[in-house]
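Asks: Take a look at what TrEMBL says about it:
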- A:1-13: compositional bias 'Polar residues' (COMPBIAS)
- A:1-27: region 'Disordered' (REGION)
- A:48-193: domain 'Casparian strip membrane protein' (DOMAIN)
- A:49-68: transmembrane segment (TRANSMEM)
- A:98-119: transmembrane segment (TRANSMEM)
- A:131-157: transmembrane segment (TRANSMEM)
- A:182-201: transmembrane segment (TRANSMEM)
Amino acid sequence: MLTRTASWTSHSSMDLEHGSKKHSAAPTAATSTSTILQLRDRFIALQPIVLRASAILATTVAAAVMGLNTQSYTAVVAIIGTKPLMQTFTAKFSDTPAFVYFVTANAIAGAYNLVVLLMRRLILQRRTPSLVVHMLDMVIMVMLATGAATAASMAYLGKNGNLHTRWNPICDKFGSFCSRGGIALVSSFIGVALMLALNLLSAAANASRPNVVGQ
Amino acid sequence: MAKVQRLISIVLRLTAAAAAAAAAIIMVTSHETTSFFGLEMEAKYSYTPSFIFFVVAFAVACAYSLLVVFVRPGSTASRLVLMSDVIIGMVLTGAVAAAGALSEVGKNGNTHAGWLPICVQVHEYCNRVMGALIAGFVALVVYFLIIMYSLHELAEPLCSCHY
């Protein structure tokens, strides 16, 4: 995609040079349009980097917020004689396997995106590593989606409970645990959307190249 | 060769439709009533929103697969079908994940939240839900094969086989 747009830019500037013998205002118009084209090329080249950086941010925030999510409160359980008996109730993310999977999936996705972003120059030169990165992008996106779906269904259960199985909701007792979990969930969903956009961008970039593998 | 391609595509889509229909039907027919300690307990799929989402997602996937069999390959509609295949695959993934999370809680309970497992009381219901989840996984794998095959038909990025 980069080589195609670069060749278009050089072709159009050559056209502008050939037609510039009209009057003296044409060279200034030529330079302004070429700078606009340069800015546009730079904007197009930056898109995957910006998307990946945002995906790293979203997934790391989700993993961190859910991983550090803990809340405890002390309540009087019984009164023995005149002495009240206190007990501490704690809610952590590791109480539910769904949240453990959520944190793991987001951490793996953040680390993978960081590695790909740092090793961009090495990886994306040739075609086969670029395709492998595209496949891994899809796998990681689906893993993120399953983690987010699992955590969302568990969060719904924690918020509303289930009357028929006599599971009581826990969000009335652990309010900030639930709201922090909700923030982590929203951040993870944003990460999934960003990785989907990355996938579409990679698919468009890979599809516009000619089929050089068999030649 | 185009006929063989179309035949493979049709067979894959019919298999996916059958698996998705099986998953939805098994989940819908899971119903059990039991009584323990004088309390009557009824277990149905419609008492859990995740299972309702599971049934709806797989029913939509089954109908979609049956409709898409009639699309001619190579037309512009076939690219739209590929995009919709990916969307439906992601929806099915979310449905299986959500139903799986809830089944895990139903089977093992959650001591920290004070939720008791229910599979000891409604054993038959749990078996049916497990069967629906297995059929859902099979449908998901077949959808993945459909997407990979459609990609291979439309643009062959990795292999150099000529048709």
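Placed from the backbone N, Cα and C atoms, the Cβ positions cover glycine too.
In the displayed structure, how are the listed features positioned relative to their neighbours?
Replies: Listed as Cβ neighbours of the transmembrane segment (A:49-68) (distance under 8 Å, sequence separation of 6 or more from its ends, same chain) are residues 93, 99, 102-103, 106-107, 109-110, 113-114, 116-117, 120, 144, 151, 180-181, 183-185, 187-188, 190-191, 194-195, 197-198, 201.
Tertiary neighbourhood of the transmembrane segment (A:131-157): same-chain residues 59, 66, 96, 98-99, 101-102, 104-106, 108-109, 112-113, 116, 123-124, 167, 169, 178, 181-182, 184-185, 188-189, 191-192, 195-196, 198-199, 202-203, 206, selected by CB-CB distance under 8 Å and a gap of 6+ residues from either end.
Outside the transmembrane segment (A:182-201) by six or more residues, the chain places 47-48, 51-52, 54-55, 58-59, 61-63, 65-66, 69, 102, 106, 109, 113, 134, 137-138, 140-141, 144-145, 147-148, 151-152, 155 with a CB less than 8 A from a CB of the stretch.
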Asks: What is the number of residues in the domain 'Casparian strip membrane protein' (A:48-193) that are helix, strand and coil, as DSSP sees it?
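Replies: Taking each residue of the domain 'Casparian strip membrane protein' (A:48-193) in turn, the totals are 102 helix, 23 strand, 21 coil.
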